[in-house]
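Participant: Quick one: structure below, then a few questions.
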Amino acid sequence: MGIKSVINKVYFKEEELKQRDYEKSRKLFIAESSAAVGIFSLTSGAFLSGFVKYLGGSDEINGIIGAIPAMAGVIQILSSLVFEKLRHRKFLVAILCFLYRFTLGMMFFVPFFIKGQTHRIIAVATLYLIAYCLAAFITPAASTWITDLVPMKMRGKYFATKDSISLAVSTLIVLIIGRVMDFYRGINSEYSGFLVLAIIVIILSFINFYFLSSVKEPIGNRQKVEINLKDIVSMVGSNKRFRKMIGLSSLWNLALQIGGPYFAVYMVTGLELSYSYINIIGVIAAVFRVLVMKYWGKLADKYSWFFSTKFSIGLLGIVHFLWVFVDKGTYPVLVPLLSILSALAWSGINISLFNIQFLYAPEKGRTAYLGVSAAIGGIIGFLSTLLGSFILRGLKNFKFTLGSVVVGNMQIVLSLSGVLLIITAVYIHFIMEKTYYKKV
(Lines of atoms letter the chains of each structure in order from A and count residues from 1; the text may use other names and numbers.)
(Lines give C-alpha, C1' and ligand atoms only; values in the text may rest on other atoms or scores of the structure.)
Protein backbone atom coordinates (compact mmCIF):
# COMPACT_ATOMS: atom_id res chain seq x y z
CA MET A 1 0.00 0.00 0.00
CA GLY A 2 1.48 3.34 -1.07
CA ILE A 3 1.79 6.46 1.05
CA LYS A 4 -1.09 8.13 -0.79
CA SER A 5 -3.36 5.15 -0.11
CA VAL A 6 -2.44 5.15 3.58
CA ILE A 7 -3.12 8.90 3.87
CA ASN A 8 -6.48 8.51 2.12
CA LYS A 9 -7.45 5.61 4.39
CA VAL A 10 -6.43 7.35 7.63
CA TYR A 11 -7.55 10.91 6.91
CA PHE A 12 -10.04 10.99 4.01
CA LYS A 13 -12.05 7.78 4.27
CA GLU A 14 -15.79 8.20 3.78
CA GLU A 15 -17.53 5.97 6.31
CA GLU A 16 -20.53 5.97 8.60
CA LEU A 17 -19.25 5.73 12.15
CA LYS A 18 -20.68 3.08 14.44
CA GLN A 19 -21.16 3.40 18.19
CA ARG A 20 -17.91 1.55 18.88
CA ASP A 21 -16.06 4.04 16.64
CA TYR A 22 -17.34 6.91 18.76
CA GLU A 23 -16.39 5.15 21.99
CA LYS A 24 -12.90 4.26 20.76
CA SER A 25 -12.31 7.77 19.44
CA ARG A 26 -13.29 9.32 22.76
CA LYS A 27 -10.71 7.09 24.48
CA LEU A 28 -8.07 8.01 21.90
CA PHE A 29 -8.75 11.70 22.52
CA ILE A 30 -7.98 11.11 26.20
CA ALA A 31 -4.63 9.55 25.26
CA GLU A 32 -3.95 12.39 22.81
CA SER A 33 -4.79 14.93 25.49
CA SER A 34 -2.39 13.31 27.97
CA ALA A 35 0.54 13.84 25.61
CA ALA A 36 -0.70 17.32 24.69
CA VAL A 37 -1.01 18.50 28.29
CA GLY A 38 2.42 17.07 29.04
CA ILE A 39 3.92 19.12 26.21
CA PHE A 40 2.07 22.24 27.32
CA SER A 41 3.27 21.84 30.91
CA LEU A 42 6.90 21.41 29.85
CA THR A 43 6.87 24.46 27.57
CA SER A 44 5.04 26.97 29.75
CA GLY A 45 4.95 28.15 33.35
CA ALA A 46 8.07 27.66 35.44
CA PHE A 47 9.97 25.82 32.68
CA LEU A 48 9.42 28.58 30.12
CA SER A 49 10.18 31.29 32.69
CA GLY A 50 13.34 29.47 33.72
CA PHE A 51 14.49 29.14 30.12
CA VAL A 52 13.89 32.81 29.33
CA LYS A 53 15.68 33.76 32.55
CA TYR A 54 18.58 31.46 31.56
CA LEU A 55 18.80 33.36 28.26
CA GLY A 56 18.95 36.65 30.16
CA GLY A 57 15.36 37.87 29.80
CA SER A 58 13.88 40.30 32.35
CA ASP A 59 10.68 39.68 34.32
CA GLU A 60 8.74 41.94 31.94
CA ILE A 61 10.06 40.14 28.84
CA ASN A 62 9.35 36.82 30.53
CA GLY A 63 5.74 37.76 31.12
CA ILE A 64 5.23 39.08 27.59
CA ILE A 65 6.61 35.88 26.05
CA GLY A 66 4.33 33.89 28.34
CA ALA A 67 1.37 35.84 26.96
CA ILE A 68 2.16 35.11 23.31
CA PRO A 69 -0.47 32.31 23.15
CA ALA A 70 -3.13 34.91 23.94
CA MET A 71 -1.90 37.22 21.18
CA ALA A 72 -1.74 34.33 18.70
CA GLY A 73 -5.42 33.69 19.35
CA VAL A 74 -6.26 36.39 16.79
CA ILE A 75 -5.34 33.84 14.09
CA GLN A 76 -8.46 31.89 14.98
CA ILE A 77 -10.58 34.36 13.04
CA LEU A 78 -8.88 33.08 9.86
CA SER A 79 -9.45 29.44 10.76
CA SER A 80 -12.99 29.25 9.44
CA LEU A 81 -11.89 30.70 6.08
CA VAL A 82 -10.12 27.39 5.53
CA PHE A 83 -11.92 24.78 7.62
CA GLU A 84 -15.47 25.73 6.60
CA LYS A 85 -14.43 24.92 3.01
CA LEU A 86 -13.15 21.45 3.96
CA ARG A 87 -15.33 18.38 4.24
CA HIS A 88 -12.42 16.42 5.73
CA ARG A 89 -10.55 18.45 8.38
CA LYS A 90 -8.65 15.72 10.22
CA PHE A 91 -5.53 15.73 8.03
CA LEU A 92 -4.87 19.45 8.32
CA VAL A 93 -5.62 19.49 12.06
CA ALA A 94 -3.27 16.55 12.74
CA ILE A 95 -0.38 17.90 10.64
CA LEU A 96 -0.53 21.44 12.02
CA CYS A 97 -0.96 20.11 15.54
CA PHE A 98 2.25 18.10 15.16
CA LEU A 99 4.15 21.08 13.74
CA TYR A 100 2.93 23.26 16.61
CA ARG A 101 4.22 20.89 19.29
CA PHE A 102 7.40 19.96 17.42
CA THR A 103 8.25 23.68 17.11
CA LEU A 104 7.92 24.07 20.88
CA GLY A 105 10.50 21.34 21.34
CA MET A 106 12.89 22.87 18.81
CA MET A 107 12.69 26.21 20.64
CA PHE A 108 15.08 24.91 23.30
CA PHE A 109 17.80 24.27 20.68
CA VAL A 110 18.08 27.99 19.85
CA PRO A 111 21.33 28.52 21.87
CA PHE A 112 23.00 25.92 19.63
CA PHE A 113 22.43 27.97 16.49
CA ILE A 114 22.18 31.62 17.56
CA LYS A 115 24.66 33.73 19.49
CA GLY A 116 23.95 36.83 21.53
CA GLN A 117 21.44 37.29 24.35
CA THR A 118 19.04 39.58 22.48
CA HIS A 119 19.04 37.49 19.30
CA ARG A 120 18.38 34.30 21.26
CA ILE A 121 15.43 35.80 23.13
CA ILE A 122 13.97 37.15 19.87
CA ALA A 123 14.39 33.73 18.23
CA VAL A 124 12.71 31.92 21.12
CA ALA A 125 9.83 34.42 21.13
CA THR A 126 9.46 34.02 17.34
CA LEU A 127 9.33 30.22 17.49
CA TYR A 128 6.90 30.40 20.39
CA LEU A 129 4.71 32.76 18.36
CA ILE A 130 4.82 30.53 15.27
CA ALA A 131 3.90 27.50 17.37
CA TYR A 132 0.92 29.18 18.98
CA CYS A 133 -0.27 30.69 15.71
CA LEU A 134 -0.49 27.12 14.41
CA ALA A 135 -2.27 26.07 17.60
CA ALA A 136 -4.74 28.94 17.38
CA PHE A 137 -5.47 28.22 13.72
CA ILE A 138 -6.56 24.62 14.41
CA THR A 139 -8.30 25.19 17.75
CA PRO A 140 -11.86 25.89 16.46
CA ALA A 141 -11.79 22.86 14.16
CA ALA A 142 -10.25 20.61 16.82
CA SER A 143 -12.81 21.76 19.39
CA THR A 144 -15.66 21.05 16.99
CA TRP A 145 -14.15 17.63 16.20
CA ILE A 146 -14.15 16.44 19.81
CA THR A 147 -17.58 17.86 20.63
CA ASP A 148 -19.00 16.05 17.59
CA LEU A 149 -17.80 12.82 19.23
CA VAL A 150 -19.32 13.55 22.65
CA PRO A 151 -23.11 13.87 23.11
CA MET A 152 -24.21 16.88 25.16
CA LYS A 153 -25.66 14.74 27.96
CA MET A 154 -22.31 13.10 28.73
CA ARG A 155 -19.94 16.03 28.16
CA GLY A 156 -19.61 16.99 31.83
CA LYS A 157 -18.55 13.50 32.91
CA TYR A 158 -16.41 12.85 29.82
CA PHE A 159 -14.42 16.07 29.89
CA ALA A 160 -13.89 15.75 33.65
CA THR A 161 -12.51 12.23 33.12
CA LYS A 162 -10.37 13.29 30.17
CA ASP A 163 -8.86 16.22 32.04
CA SER A 164 -8.26 14.12 35.17
CA ILE A 165 -6.31 11.45 33.30
CA SER A 166 -4.39 14.01 31.23
CA LEU A 167 -3.48 15.92 34.36
CA ALA A 168 -2.30 12.80 36.17
CA VAL A 169 -0.03 11.77 33.28
CA SER A 170 1.36 15.26 32.70
CA THR A 171 1.97 15.76 36.42
CA LEU A 172 4.15 12.65 36.52
CA ILE A 173 6.09 13.88 33.48
CA VAL A 174 6.56 17.35 34.96
CA LEU A 175 7.69 15.98 38.32
CA ILE A 176 10.38 13.83 36.71
CA ILE A 177 11.64 16.61 34.44
CA GLY A 178 11.64 19.03 37.38
CA ARG A 179 14.04 16.75 39.26
CA VAL A 180 16.19 16.46 36.14
CA MET A 181 16.30 20.25 35.80
CA ASP A 182 17.34 20.74 39.43
CA PHE A 183 20.04 18.08 39.07
CA TYR A 184 21.63 19.85 36.11
CA ARG A 185 21.21 23.25 37.75
CA GLY A 186 23.01 21.85 40.80
CA ILE A 187 26.06 20.90 38.70
CA ASN A 188 26.04 24.26 36.88
CA SER A 189 24.79 22.73 33.64
CA GLU A 190 21.23 24.04 33.49
CA TYR A 191 21.09 24.06 29.70
CA SER A 192 21.64 20.29 29.62
CA GLY A 193 18.40 19.97 31.56
CA PHE A 194 16.58 22.03 28.96
CA LEU A 195 17.94 19.75 26.23
CA VAL A 196 16.52 16.70 28.03
CA LEU A 197 13.21 18.54 28.30
CA ALA A 198 13.29 19.35 24.57
CA ILE A 199 13.87 15.72 23.60
CA ILE A 200 10.92 14.61 25.76
CA VAL A 201 8.70 17.25 24.13
CA ILE A 202 9.66 16.07 20.64
CA ILE A 203 8.98 12.42 21.54
CA LEU A 204 5.59 13.37 23.01
CA SER A 205 4.84 15.29 19.79
CA PHE A 206 5.13 12.09 17.75
CA ILE A 207 3.03 10.16 20.28
CA ASN A 208 0.38 12.86 20.19
CA PHE A 209 0.34 12.81 16.38
CA TYR A 210 -0.20 9.03 16.37
CA PHE A 211 -3.17 9.16 18.74
CA LEU A 212 -4.76 12.15 16.99
CA SER A 213 -4.43 10.46 13.60
CA SER A 214 -6.15 7.38 15.04
CA VAL A 215 -9.28 9.30 16.08
CA LYS A 216 -12.23 8.95 13.70
CA GLU A 217 -13.74 12.10 12.21
CA PRO A 218 -17.56 12.25 12.21
CA ILE A 219 -18.42 14.00 8.96
CA GLY A 220 -22.13 13.23 8.68
CA ASN A 221 -23.86 15.74 6.42
CA ARG A 222 -21.10 18.32 6.64
CA GLN A 223 -21.02 20.48 3.55
CA LYS A 224 -18.31 22.75 2.22
CA VAL A 225 -19.14 26.40 2.85
CA GLU A 226 -17.60 29.20 0.82
CA ILE A 227 -17.05 32.07 3.23
CA ASN A 228 -14.91 35.21 3.38
CA LEU A 229 -13.78 37.49 6.18
CA LYS A 230 -16.55 40.00 5.53
CA ASP A 231 -19.15 37.22 5.79
CA ILE A 232 -17.64 36.05 9.08
CA VAL A 233 -17.67 39.49 10.67
CA SER A 234 -21.21 40.15 9.44
CA MET A 235 -22.54 36.76 10.54
CA VAL A 236 -21.01 36.81 14.01
CA GLY A 237 -21.61 40.51 14.60
CA SER A 238 -25.31 40.23 13.79
CA ASN A 239 -25.85 37.46 16.35
CA LYS A 240 -26.89 39.41 19.45
CA ARG A 241 -26.86 36.35 21.69
CA PHE A 242 -23.28 35.42 20.77
CA ARG A 243 -22.07 38.91 21.70
CA LYS A 244 -22.42 37.84 25.33
CA MET A 245 -19.90 35.07 24.65
CA ILE A 246 -17.54 37.59 23.09
CA GLY A 247 -17.97 39.71 26.20
CA LEU A 248 -17.03 36.75 28.39
CA SER A 249 -14.00 35.94 26.25
CA SER A 250 -12.87 39.56 26.45
CA LEU A 251 -13.34 39.91 30.20
CA TRP A 252 -11.75 36.53 30.92
CA ASN A 253 -8.64 37.31 28.88
CA LEU A 254 -8.35 40.81 30.33
CA ALA A 255 -8.56 39.45 33.87
CA LEU A 256 -6.35 36.41 33.44
CA GLN A 257 -3.60 37.80 31.23
CA ILE A 258 -2.90 40.98 33.21
CA GLY A 259 -1.38 38.79 35.91
CA GLY A 260 -1.47 35.18 34.74
CA PRO A 261 1.88 35.09 32.89
CA TYR A 262 3.64 36.55 35.94
CA PHE A 263 2.82 33.85 38.50
CA ALA A 264 5.55 31.53 37.26
CA VAL A 265 7.91 34.50 36.86
CA TYR A 266 7.30 35.56 40.46
CA MET A 267 7.94 32.06 41.80
CA VAL A 268 11.13 31.56 39.77
CA THR A 269 12.69 35.04 39.95
CA GLY A 270 10.91 36.74 42.87
CA LEU A 271 10.59 33.97 45.44
CA GLU A 272 13.53 32.06 43.89
CA LEU A 273 11.86 28.67 44.31
CA SER A 274 13.46 25.55 42.84
CA TYR A 275 11.88 23.59 39.98
CA SER A 276 11.47 20.60 42.31
CA TYR A 277 9.64 22.66 44.93
CA ILE A 278 7.35 24.22 42.32
CA ASN A 279 6.62 20.83 40.79
CA ILE A 280 6.05 19.07 44.12
CA ILE A 281 3.52 21.76 44.99
CA GLY A 282 2.08 21.22 41.52
CA VAL A 283 1.73 17.48 42.15
CA ILE A 284 -0.08 18.07 45.46
CA ALA A 285 -2.38 20.56 43.77
CA ALA A 286 -2.93 18.17 40.87
CA VAL A 287 -4.10 15.43 43.23
CA PHE A 288 -6.79 17.75 44.58
CA ARG A 289 -7.62 18.85 41.05
CA VAL A 290 -8.14 15.28 39.88
CA LEU A 291 -10.26 14.45 42.93
CA VAL A 292 -12.70 17.33 42.43
CA MET A 293 -12.79 17.51 38.64
CA LYS A 294 -15.56 14.93 38.34
CA TYR A 295 -17.68 16.97 40.74
CA TRP A 296 -17.43 20.05 38.52
CA GLY A 297 -18.62 17.89 35.64
CA LYS A 298 -21.51 16.57 37.73
CA LEU A 299 -22.44 20.09 38.83
CA ALA A 300 -22.48 21.23 35.21
CA ASP A 301 -24.63 18.26 34.17
CA LYS A 302 -27.02 18.78 37.11
CA TYR A 303 -27.30 22.57 37.06
CA SER A 304 -25.63 24.27 34.09
CA TRP A 305 -22.34 25.32 32.55
CA PHE A 306 -23.11 28.82 33.81
CA PHE A 307 -23.13 27.51 37.37
CA SER A 308 -19.75 25.77 37.11
CA THR A 309 -18.17 28.62 35.12
CA LYS A 310 -19.08 31.47 37.45
CA PHE A 311 -18.14 29.66 40.65
CA SER A 312 -14.83 28.30 39.34
CA ILE A 313 -13.79 31.69 37.93
CA GLY A 314 -14.93 33.43 41.12
CA LEU A 315 -12.81 31.06 43.22
CA LEU A 316 -9.79 31.71 40.99
CA GLY A 317 -10.35 35.45 41.43
CA ILE A 318 -10.18 35.11 45.22
CA VAL A 319 -6.99 33.04 44.92
CA HIS A 320 -5.29 35.57 42.64
CA PHE A 321 -6.21 38.42 44.96
CA LEU A 322 -4.72 36.61 47.98
CA TRP A 323 -1.32 36.47 46.26
CA VAL A 324 -0.86 40.03 47.51
CA PHE A 325 0.09 38.41 50.84
CA VAL A 326 2.75 36.07 49.38
CA ASP A 327 6.38 37.00 50.03
CA LYS A 328 9.54 35.15 51.08
CA GLY A 329 8.27 34.95 54.64
CA THR A 330 4.78 33.62 53.93
CA TYR A 331 5.32 31.41 50.87
CA PRO A 332 5.88 28.13 52.81
CA VAL A 333 2.24 28.30 53.92
CA LEU A 334 0.50 30.39 51.27
CA VAL A 335 2.03 28.98 48.08
CA PRO A 336 0.86 25.40 48.79
CA LEU A 337 -2.54 26.59 50.04
CA LEU A 338 -3.21 28.96 47.15
CA SER A 339 -1.89 26.43 44.62
CA ILE A 340 -4.38 23.85 45.87
CA LEU A 341 -7.26 26.34 45.77
CA SER A 342 -6.16 27.43 42.29
CA ALA A 343 -6.15 23.81 41.15
CA LEU A 344 -9.69 23.35 42.47
CA ALA A 345 -10.77 26.39 40.47
CA TRP A 346 -8.96 25.41 37.26
CA SER A 347 -10.47 21.92 37.35
CA GLY A 348 -13.83 23.59 36.80
CA ILE A 349 -12.67 26.40 34.54
CA ASN A 350 -11.09 24.17 31.90
CA ILE A 351 -14.19 22.12 31.17
CA SER A 352 -16.65 24.97 31.79
CA LEU A 353 -15.16 27.61 29.48
CA PHE A 354 -14.70 25.02 26.76
CA ASN A 355 -18.33 23.90 26.88
CA ILE A 356 -20.14 27.16 27.59
CA GLN A 357 -19.14 28.56 24.19
CA PHE A 358 -21.14 25.80 22.48
CA LEU A 359 -24.30 27.08 24.17
CA TYR A 360 -23.95 30.26 22.10
CA ALA A 361 -22.22 29.19 18.88
CA PRO A 362 -24.69 27.87 16.24
CA GLU A 363 -23.76 24.59 14.58
CA LYS A 364 -23.68 26.25 11.16
CA GLY A 365 -20.47 28.24 10.85
CA ARG A 366 -19.40 27.22 14.35
CA THR A 367 -15.68 27.52 13.63
CA ALA A 368 -16.27 31.12 12.56
CA TYR A 369 -18.03 31.99 15.80
CA LEU A 370 -15.39 30.33 17.96
CA GLY A 371 -12.63 31.94 15.91
CA VAL A 372 -13.96 35.48 16.24
CA SER A 373 -14.51 35.11 19.98
CA ALA A 374 -11.01 33.73 20.52
CA ALA A 375 -9.44 36.35 18.27
CA ILE A 376 -11.01 39.26 20.14
CA GLY A 377 -10.18 37.65 23.47
CA GLY A 378 -6.60 37.04 22.36
CA ILE A 379 -6.02 40.65 21.34
CA ILE A 380 -7.43 41.92 24.62
CA GLY A 381 -5.44 39.32 26.55
CA PHE A 382 -2.12 40.32 25.02
CA LEU A 383 -2.82 44.02 25.51
CA SER A 384 -3.69 43.17 29.10
CA THR A 385 -0.30 41.51 29.56
CA LEU A 386 1.40 44.60 28.15
CA LEU A 387 -0.59 46.66 30.66
CA GLY A 388 0.61 44.33 33.41
CA SER A 389 4.19 44.79 32.20
CA PHE A 390 3.71 48.57 32.19
CA ILE A 391 2.44 48.46 35.78
CA LEU A 392 5.40 46.31 36.82
CA ARG A 393 7.86 48.80 35.35
CA GLY A 394 6.02 51.78 36.81
CA LEU A 395 6.00 50.24 40.30
CA LYS A 396 9.45 48.66 40.06
CA ASN A 397 10.81 50.27 43.23
CA PHE A 398 7.45 50.57 44.97
CA LYS A 399 7.02 48.62 48.21
CA PHE A 400 4.80 48.78 51.26
CA THR A 401 3.97 46.50 54.16
CA LEU A 402 0.74 44.81 55.19
CA GLY A 403 1.49 43.71 58.72
CA SER A 404 4.65 41.67 58.31
CA VAL A 405 4.17 41.10 54.56
CA VAL A 406 6.25 43.09 52.09
CA VAL A 407 4.13 43.92 49.03
CA GLY A 408 5.85 44.77 45.75
CA ASN A 409 4.88 45.42 42.16
CA MET A 410 4.39 41.75 41.28
CA GLN A 411 1.87 41.08 44.06
CA ILE A 412 -0.11 44.18 43.07
CA VAL A 413 -0.48 42.96 39.49
CA LEU A 414 -1.46 39.45 40.62
CA SER A 415 -4.12 40.78 43.01
CA LEU A 416 -5.47 43.10 40.30
CA SER A 417 -6.02 40.00 38.19
CA GLY A 418 -8.08 38.60 41.04
CA VAL A 419 -10.36 41.63 41.22
CA LEU A 420 -11.01 41.47 37.46
CA LEU A 421 -11.75 37.73 37.63
CA ILE A 422 -14.38 38.32 40.30
CA ILE A 423 -15.95 40.94 38.02
CA THR A 424 -15.96 38.30 35.25
CA ALA A 425 -17.87 35.87 37.49
CA VAL A 426 -20.43 38.61 38.23
CA TYR A 427 -20.80 39.21 34.46
CA ILE A 428 -21.57 35.52 33.90
CA HIS A 429 -24.22 35.53 36.62
CA PHE A 430 -26.09 38.69 35.69
CA ILE A 431 -25.43 39.24 31.98
CA MET A 432 -25.25 35.67 30.68
CA GLU A 433 -27.07 33.24 32.97
CA LYS A 434 -29.99 35.53 33.83
CA THR A 435 -30.71 36.29 30.17
CA TYR A 436 -29.82 33.01 28.43
CA TYR A 437 -33.34 31.63 28.32
CA LYS A 438 -34.92 34.93 27.42
CA LYS A 439 -35.80 35.64 23.80
CA VAL A 440 -33.46 38.16 22.20
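Yeah, the Cβs are placed from backbone N, Cα and C, and that goes for glycine too.
Okay, so TrEMBL annotates it like this:
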type	residues	note
TRANSMEM	28-52	transmembrane segment
TRANSMEM	64-84	transmembrane segment
TRANSMEM	91-114	transmembrane segment
TRANSMEM	120-143	transmembrane segment
TRANSMEM	164-181	transmembrane segment
TRANSMEM	193-212	transmembrane segment
TRANSMEM	245-268	transmembrane segment
TRANSMEM	274-292	transmembrane segment
TRANSMEM	304-325	transmembrane segment
TRANSMEM	331-356	transmembrane segment
TRANSMEM	368-392	transmembrane segment
TRANSMEM	412-432	transmembrane segment
Participant: What residues elsewhere in the chain lie close to the transmembrane segment (28-52), defined as a C-beta under 8 angstroms and at least 6 residues from its ends?
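Facilitator: Sequence-distant neighbours of the transmembrane segment (28-52): 61-62, 65-66, 101, 104-105, 107-108, 121, 124, 146, 149, 161-163, 165-167, 169-171, 173-174, 177, 181, 190, 194, 197, 200-201, 204-205, 207-208, 211-212, 214-215, 263-265, 267-269, 275, 278-279.
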Participant: Which of 64-84, 120-143, 164-181, 274-292, 368-392 shares the most C-beta pairs under 8 angstroms with the transmembrane segment (91-114)?
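Facilitator: Out of the listed stretches, 120-143 contacts the transmembrane segment (91-114) most.
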Participant: How about the transmembrane segment (331-356) and the transmembrane segment (64-84): do they have 3 or more C-beta pairs under 8 A, pairs 6 or more apart in sequence?
Facilitator: no
Participant: With CB pairs under 8 Å as the measure, which of the listed stretches 64-84, 120-143, 304-325 comes out on top against the transmembrane segment (412-432)?
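Facilitator: Looking at each of 64-84, 120-143, 304-325 in turn, the most contacts to the transmembrane segment (412-432) are made by 304-325.
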Participant: As a test: from 120-143, 274-292, 368-392, pick the stretch that has the greatest number of Cβ pairs under 8 Å with the transmembrane segment (164-181).
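Facilitator: Most Cβ pairs under 8 Å with the transmembrane segment (164-181) come from 274-292.
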Participant: Using a Cβ cut-off under 8 Å, which residues of the same chain at least 6 positions beyond either end of the transmembrane segment (64-84) come close to it?
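Facilitator: That would be 44, 48-49, 52, 57, 92, 121, 124-125, 128-129, 132-133, 135-141, 224-225, 227-229, 232, 253, 257, 260-262, 264-265, 365, 367-368, 370-372, 374-375, 377-379, 381-382, 384-386, 389.
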Participant: What stretch in 120-143, 193-212, 245-268 has the biggest tally of Cβ pairs under 8 Å against the transmembrane segment (274-292)?
Facilitator: 245-268
Participant: Grab the same-chain neighbours of the transmembrane segment (193-212) for me: Cβ-Cβ under 8 Å, and only residues 6 or more beyond its ends, written as numbers and ranges.
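Facilitator: Distal contacts: 28-29, 31-32, 35-36, 38-39, 42-43, 47, 51, 54, 93-94, 97-98, 101-102, 104-109, 173, 177, 180-185.
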